[in-house]
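Contents: one structure, followed by commentary.
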Amino acid sequence: MAPRASSPALSENEFDIFDALAGGDEAAQPMRVTADLGIDLEFGSDDGSDDEAFIAAKQAAANRKNANAPGKSGKKGGGFQAMGLNVALLKAIAQKGFKIPTPIQRKAVPLILQGDDVVGMARTGSGKTAAFVIPMIERLKTHSAKVGARGVIMSPSRELALQTLKVVKEFGRGTDLRTILLVGGDSLEEQFNSMTTNPDIIIATPGRFLHLKVEMGLDLSSVQYIVFDEADRLFEMGFAAQLAEILYALPTSRQTLLFSATLPKSLVEFARAGLQEPKLIRLDAESKISPDLKSAYFTIKSGDRDGALIHLLENVIKMPVGQTEVWKQAKEEADNLSKGKKRKRGSGNPKDAPVEESTIIFAATKHRVEYLSTLLKAAGYPVSYVYGNLDQTARQEQVKDFRAGLTRILVVTDVAARGYRHATHKPRHQLRLPFSTKNLCSSSGEDGPRWAEGLGIQPVQTCRSAISHRLTNVPWQTPSGCLAPYQLEPSVELVNKQLTDDEDLVNLLNVAEKGERQYQRTRNQASNQSVHRAKDLASDSKFAETHMLFNDEMHDALRAKEDMLERIQGFRPAETVFEIGKRGTNSEAAEIMRKRRVAVERQKTKQAFNKANDESSGLTRPTADALPDDELDSEDDQQAAVGDYESESDELEVTVSQPESKKSGKDVWRSDEFFMSYLPKENFAEEKAYGVQGGDAGNSNFVSAARSAEMSLVNDEIQGFADASKPRMRWDKKSKKYVSRANDEDGSKGAKMIRGESGQKIAASFRSGRFDDWRKANKVKMQRVGEMEAPNRSTQFNSGGPRYKHKAEKAPKQADRYRDDYHVQKQRVQEAKEKRIGHFKDGGAKNELKDVDTVRKERRVQEKRKEKNARPSKKRKF
């Protein structure tokens, strides 16, 4: 028999020969085997098997059909079918509308299915909820008859928990898994009842879940799968003690997952303590600035910063002054509705229309946000603002106005904007350069892939300018320079006039400057290498030239004027004030300056000589491109391991570049054709991040991976600036000893606290005895974990959805003065009248409305009285 033909390498579909064997329609058709099948059809003998040729032909036809399918590209990516999910779950995923997994799902789902602990960094809207819900349903599969919850999902807020519950129900549509919701604000008795129905999945907030655990004495030894969703928000909201207590009660064999938008230091420490050999999932593409984002850097003076902002909005972004068209249309429709006019047909919803000039301005502190929003409103721009401790309702209203197009500008702090999904597809403007490259990538590149064309504008101060050289995917060829003074002066004068006329604006500016000084003292400082690069950059004459974006607008006369002003600004007199007019005299001050000048000249000569020797020997100062990993002395320096300007394959990057000036004696030993750098190219890191097989090879060491991904943001208000230098202990007069200041912050000061199983302090009110009273009143017996489920408990299951209650309101009976509780009952009746309950709904007064019969009867009585009393009156005698 002839040897078997090799299987087609490009095949992804299994071949079904049932129709051919059963004599179907396709079997009756003659076979047409073409010469170019893409496979090996040489069987070695003339009497080869017809079945093998038939299978090969059908397989080749299937390959051609898949290759020629419309909308398919040559590069094939694995879908949900390649992850080994069950049929019911795949059907639910298809009904949900998911076809291709997102990058975070492509990397996280296989690792979670393997049983590894995972720390995933993903922004809101990246599909992270499905990334941990799909493996959870695949692992739990069906409802277990044994008592005990097997999956727990922790959410920071009630709204996010409800959203997660909806996703779990949609993906678990084909299973009988029981899911309950435990959040604050709901009835404890109803949640007691839900916990006795043996749920498989618990979606809860940490505070309420810990309350039920302590109150009911829950045994969590059956938990196999726990997820901390939005883990950074959990720590920010003060749930660290609750999470530690919950984690201590879980078995060691559990699988723990953390998903977060950022990775603060506290979260890294929690992951190291609570997770076993975790794998960090972080796509390098999310730490890059989008190639669709055009960047421009402007050097400005501190005093001209606000004027430069007005100038950029007016002349670069071309933002009009006044209310938006969407706002005018919405106001017109509101006026028409108030006048009783109908809405015009086909006008559409004006709140759905985007604004072309949508701009986002990032600031450091909330005081700066308040000042900028007030300044821009005074300049005539519609502005929304968001900062950290803004009320949730006010924050939603501000963001809603910006998304609806009622405002053109959103002023926001870095803390409030973290993980926030921007709905705009137009440029965003950034007022200040952040303190780290990670923060800049998070703020500037968060929604880059969704932009048709973006514009990032960063006014740069000299001490922070070198940070941009360390950015991945942003070469140093990005243009930089100062603004044209003749265009900047009117905007600066406008800001000065506003400050002169508005006293409140001056007060806001003073508070903002004080807060910014506090921010400068508490933020992370730049490394020594960054300081050296900043000094080298500041000494470059091109750094102070007019930006190339404004060169076309400058005429020859204006350019000559600017050049003259630049020369005047850079003028250095040959003599100091101590030497003027004192030549030839024996002045002590002049003699000191002459000696000082000799020492300075000697030092300059030595530096120039050393620099010339370094260039002649091919040695230069270590920069971001040639610095070894062990010499990178800050978190910004550690990110330089992914190449900078050496990546030549990034052809899709959209930047406004300027030609480099060739410096003699620098990098002359490096050949573009033969030189091989030890640094990995940029596309290598991108392909490694998106890879499915072997994608976790670089994340085997969580400590080193988390060190590069860690990002702790400085608070945006003054109260949080001094936390780093705040004393950790205080003297307690009552106990006569030093105690931790955490006692003042966790609620234990002046309140009763108890120690949990993990040693953490929890509120004593968690153990109030309400569950024991409820259990006795309802005669419910709690089953132990591991026992078989009682058959009568399944009928009482509630998934945490709405429960229907009667809404009957009964008013109390009238008070009886002969009873002992007369005064108490009278008070209840009075309260019912005030609240209009029951038959007091229309008020407690007597109903004075008369019916027709009563009115008719009263009229007849009045007529009879008139007839009877119609006799003339007696005359009075005086």
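The first residue you see is number 1, and the count goes up from there.
Heads up, the Cβ atoms here are built off N, Cα and C, so glycines get one too.
Here's what Swiss-Prot has on this protein:
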type	residues	note
MOTIF	78-106	motif 'Q motif'
DOMAIN	109-281	domain 'Helicase ATP-binding'
BINDING	A122, R123, T124, G125, S126, G127, K128, T129	ATP binding site
REGION	332-354	region 'Disordered'
REGION	517-536	region 'Disordered'
REGION	601-666	region 'Disordered'
COMPBIAS	627-638	compositional bias 'Acidic residues'
REGION	726-758	region 'Disordered'
REGION	787-878	region 'Disordered'
COMPBIAS	809-870	compositional bias 'Basic and acidic residues'
Which residue counts does DSSP give the motif 'Q motif' (78-106) for helix, strand and coil?
18 helix, 0 strand, 11 coil
Give the sequence-ordered list of residues that share a chain with S126 (ATP binding site), lie 6 or more positions from it, and have CB atoms under 8 Å from its CB.
T102, P103, I104
Cβ contacts of G127 (ATP binding site) (under 8 Å, same chain, 6 or more positions away):
P101, T102, I104, Q105
List every residue in the same chain as T129 (ATP binding site), at least 6 positions away in sequence, whose Cβ is under 8 Å from its Cβ.
Q163, T164, V167, D229
Going by DSSP, how much of the compositional bias 'Basic and acidic residues' (809-870) is helix, how much is strand and how much is coil, in residues?
34 helix, 0 strand, 28 coil
